[in-house]
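Q: Mind having a look at this structure? Questions to follow.
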Amino acid sequence: MSLTRLLIKDFRNIENADLALSPGFNFLVGANGSGKTSVLEAIYTLGHGRAFRSLQPGRVIRHEQEAFVLHGRLQSEERETSIGLTKDKQGDSKVRIDGTDGHKIAELAHLMPMQLITPEGFTLLNGGPKYRRAFLDWGCFHNEAGFFTAWSNLKRLLKQRNAALRQVSRYEQLRPWDKELIPLAEQISTWRAEYSSAIAQDMADTCQQFLPEFSLTFSFQRGWEKETDYADVLERSFERDRMLTYTAHGPHKADFRIRADGAPVEDTLSRGQLKLLMCALRLAQGEFLTRESGRRCLYLIDDFASELDDARRGLLASRLKATQSQVFVSAISAEHVIDMSDENSKMFTVEKGKITD
């Protein structure tokens, strides 16, 4: 599925934009601060309900406006789908699909699977475990129909359990929460483990092409001891959890560890190599989705040229073209992306929030 039309109103520095898009490569060229990243962020927000540079809605709404409006048309082989998102300064959202309101943001995420590659995306590799959990959970969300509901219920129960830890004196008082929490935790951990195992070879093959000088390994850590029943862990950890006032073990503490030649990648790779690894992981994940479900990702790449030499840019471009997916690329200069262009590409110039093609 590709995004054939994008309408943006009062988002960042963009007052109004109506873009007819290519199903292949779309290039956004402009100086720093021109608004080219804002276009990528508008697409991301349309599919996620939130921006990738700010979690506060007021910061992405254009100055002195009350809300932003995003609208898109998605085209698949079978049909066209109309989608829309409005969000005000209080964070209240309205999702519209095919002309009807009342839809959930998760429905937009399902319709628009996308991979984001930005200069800030290094957190996948050198940030905390939550970023790598999010990487796995993206795959589980798009591969397991029940994942989102289970994950949402897990978050709710953990919040309730942590609140209860401040009030209880005996473990038996927590059993009502743990009775619901334990099967959810085990199911989510099983899905994550299965997904990480299924995609491991895809990641290894892609990483070998991008970083042949390293031997990369991947390991899933579920968030509590191996070969240990989660129910036993919760009961055994009760006094410590009560003292900390939060649940110290569980799927919310899981990690997906990535090593190069046996050492953590953040201690071994240069910034350029980290960017290559990030690109390889995002590509592998998108290609795995296509192979398993027949659905293609949208790829959003901000500041394409940074950290990469000509050869590596060429490799990334050729791999992206091979996916036959829709790709959005921002760059300061057209010279950085002209080699990627073909007869099906579109080049947009962005200047002070105005977009022309």
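Heads up, the Cβ atoms here are built off N, Cα and C, so glycines get one too.
The model shown is predicted, which means the values in this text are computed figures rather than measured ones.
Quick paste of what Swiss-Prot says about this protein:
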- Gly30, Ala31, Asn32, Gly33, Ser34, Gly35, Lys36, Thr37: ATP binding site (BINDING)
Q: Using an 8 Å cut-off from the Cβ centroid of Gly30, Ala31, Asn32, Gly33, Ser34, Gly35, Lys36, Thr37, can you name the remaining same-chain residues around the ATP site, in sequence order?
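A: Along the chain, the qualifying residues are Ser38, Ser330, Ile332, Val350, Glu351.
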Q: Suppose we draw a 10 Å sphere around the Cβ of Asn32 (ATP binding site). How many other Cβ atoms does it contain, all chains included?
A: 8
Q: Around Lys36 (ATP binding site), which residues of its chain at least 6 apart sit with Cβ under 8 Å of its Cβ?
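A: Correct list: Leu28, Val29, Gly30, Ser330, Ala331, Phe348, Val350.
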Q: Looking only at Cβ atoms, how many others are within 10 Å of the one on Gly33 (ATP binding site)?
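A: So the Cβ neighbour count for Gly33 (ATP binding site) comes to 13.
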Q: For Ala31 (ATP binding site), just count the other CB atoms lying within 10 A of its CB, please.
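A: That number is 12.
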Q: Measure the Cβ-based neighbour count of Thr37 (ATP binding site), defined as the other Cβ atoms within 10 Å of its Cβ.
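A: A 10 Å sphere around the Cβ of Thr37 (ATP binding site) contains 22 other Cβ atoms.
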Q: Going by DSSP, is Gly30 (ATP binding site) sitting in a helix, a strand, or coil?
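A: Its secondary structure by DSSP: coil.
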Q: Counting every protein chain present, what is the number of Cβ atoms, excluding its own, within 10 Å of the Cβ of Gly35 (ATP binding site)?
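A: Other Cβ atoms found within 10 Å: 24.
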Q: Return the residues near Ser34 (ATP binding site), defined as same-chain residues 6+ apart in sequence whose C-beta is under 8 angstroms from its C-beta, sorted by sequence, else 'none'.
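A: When sequence neighbours closer than 6 are ignored, Ser34 (ATP binding site) has Val350, Glu351, Lys352, Gly353 within Cβ distance under 8 Å.
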